[in-house]
Amino acid sequence: MEFSILADSFNKMESTRKRLELTQYLVELFKKTPQEVISKIVYLLQGKLRPDFEGVELGVAEKLAIRAISKSSGIPIKKIEEEYRKGGDLGHAATTILEQKTQTTFLVEDITVERVYETLFKIAKLEGNRSQDMKMKYISSLLNDASPLEASFILKILLGTLRLGIAENTVMDALALAFSGNKENRKILEHAYNVSSDLGKVAEVLATEGLAEVEKFKIILFNPIRPMLADRVKSEQEAIEKMGNEFAAEYKLDGERVQLHIEGDKVVLFSRSLENISSYYPDIIEKIPKTIQAENIVLEAEAVAINENTGEFLPFQELMHRRRKYKIEKAVTQYPITVNLFDILYCNGKSCLELDYKERREKMEKVVKEDDFVKHIPMAIVKNENDIEDFFENSINAGSEGLMLKTLVSPYQAGSRGSHWLKLKREYQNELGDSLDLVVIGGFFGKGRRTGNYGTLLLATYEEDEDTFTSICKVGTGFSDEDLDQLYQILNPKVTIKKNPRINSEMEADVWFEPELVIEVVASEITLSPIHKAARDKIRKGAGLALRFPKFTGKMRVEKMAEDASTNEEVITLYQGQKKVAHDKSLM
């Protein structure tokens with residue numbers, strides 16, 4: 001397949017922010033795509049080469065890409081850097097530069113999607129002393145034969161700056177339309193994706209074997225399952241209204257959610273965002289098999305840092321020390337953990353997803369022995385507000401954040417958020433009754449002591465129905481100097497030339513970011529806003545919701561994907577809850 005077809009499609013997609021138009025462009029692209037190439041196209045659309053859990057990263061720096069452009073075009077590095085500074089996008093700069101190309105290539109090889117993909121894959125696999133030279137050689141070979149537009153998108157893929165604003169849901173909509181003619185069939189694709197975490201594979205099977213084969217997707221050991229997510233509630237009373245008379249309550253621990261795939265002595269660990277994190281937890285790899293009484297199993301747990309002397313739970317941030325590349329053995333000793341199990345997804349070759357919560361819990365307790373390192377998260381069956389309050393108090397005294405509430409008869413809904421799981425967190429005195437996990441979508445340059453960093457951030461909630469991120473506040477308090485330095489390092493590579501199509505904000509930021517980083521904030525209250533877009537028109541016509549006096553808690557939720565952020569429905573629930581509290585107080 002000619003790469004020019006893909007480049008033209010990318011160019012159209014970059015020019016619109018409308019989801020329907022993006023979907024239509026994708027449908028047109030998929031219909032032009034040969035069956036054997038469809039998986040590669042889907043991966044490239046996502047800005048990757050393989051599914052996340054395989055950990056294939058291109059690792060190409062801007063300086064290396066600039067050298068490759070210079071080698072291919074014959075134009076000095078300084079001039080390329082000047083063009084880059086004008087627009088802030090190396091892909092766009094390459095288009096301009098290569099139109100002025102002074103070098104002539106006599107033997108031009110066709111640029112195909114297959115060639116580009118295979119070359120990028122070779123680049124991703126290169127290691128060792130000569131790897132940088134080889135990377136430049138491969139990049140230059142592509143740029144030599146590419147048109148300026150093709151080169152632009154090759155570089156954007158290489159640098160991780162392809163900003164099409166296309167979410168996975170939009171890709172699945174387009175696949176369903178292109179290969180079945182019915183958007184409703186997205187549900188079948190979604191199930192396959194939720195159990196495989198590999199959208200490229202789903203697309204390939206759909207294109208080559210049809211929808212009936214996609215329906216046969218099952219859990220594969222050592223491929224992560226997309227996690228089930230929870231809504232939030234503000235009070236015990238609200239929980240009972242949503243869940244009925246009898247349900248389970250578990251401690252909500254402040255740790256890292258881990259999915260454990262185990263067969264014999266082989267253990268692979270995945271994060272909430274499907275990253276392979278086995279290297280961060282050699283202690284889990286070593287100790288967990290001894291507790292398992294099954295041939296193979298997939299479990300979910302919270303890895304929680306503890307004070308080894310007292311056994312008390314420590315904050316999530318303590319686990320970040322384990323994410324360093326080196327000296328992991330030292331970090332394991334300095335920052336010990338316990339593994340706190342809460343679900344079983346697969347056992348002895350069979351899926352447990354369809355089992356009710358109560359059955360899954362009983363099975364988990366039966367096949368996993370507890371010891372000092374591996375625990376079952378404390379659970380109780382609750383029937384009324386007093387039961388919840390008592391267990392909630394126990395959980396807080398034990399060092400947890402609150403409770404997870406789960407209906408007893410619910411299956412495990414991979415990749416879904418719904419009312420079968422609810423979270424009830426501890427109150428913040430004199431503040432909004434819960435923290436919020438918000439997506440960083442924009443930044444404002446700092447002044448005074450904060451010069452050189454982003455002094456204030458623009459944050460957003462996730463709007464599930466529209467698959468967008470809606471502005472809810474600016475936050476500039478709660479940041480230490482170290483936080484600001486770290487945020488600058490994390491956010492700078494995510495700067496985009498224009499606002500991502502999935503961002504819904506009337507407020508203009510100094511810079512826009514790819515919506516990826518999630519941070520935790522608290523606030524004094526939620527108010528109506530004529531400016532912010534969160535829950536716009538849901539409470540009052542022409543008004544959205546905003547946070548009053550928001551403050552960063554110090555927690556960067558690096559384990560969360562942007563789509564795991566607090567939703568507008570959650571914010572509406574919190575807003576209505578605070579209004580009810582105010583009303584109740586007025587009656588006292």
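Note: Cβ is positioned from N, Cα and C throughout, glycine not excepted.
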Can you tell which of E246, E250, E312, E354 Swiss-Prot lists as binding ATP with R257, R272, E302, F342, R417, K423?
-> E250
Would you kindly give the Cα-Cα distance separating K423 (ATP binding site) and K252 (active site, N6-AMP-lysine intermediate), rounded to the nearest Å?
-> 8
Where the record names E250, R257, R272, E302, F342, R417, K423 as binding ATP, the maximum Cα to Cα distance in Å | 19
For E250 (ATP binding site), the three-state class that DSSP assigns | strand
Same-chain residues at least 6 apart in sequence with Cβ under 8 Å of the Cβ of R272 (ATP binding site), in sequence order, are P227, E256, R257, E559, K560, M561, D564
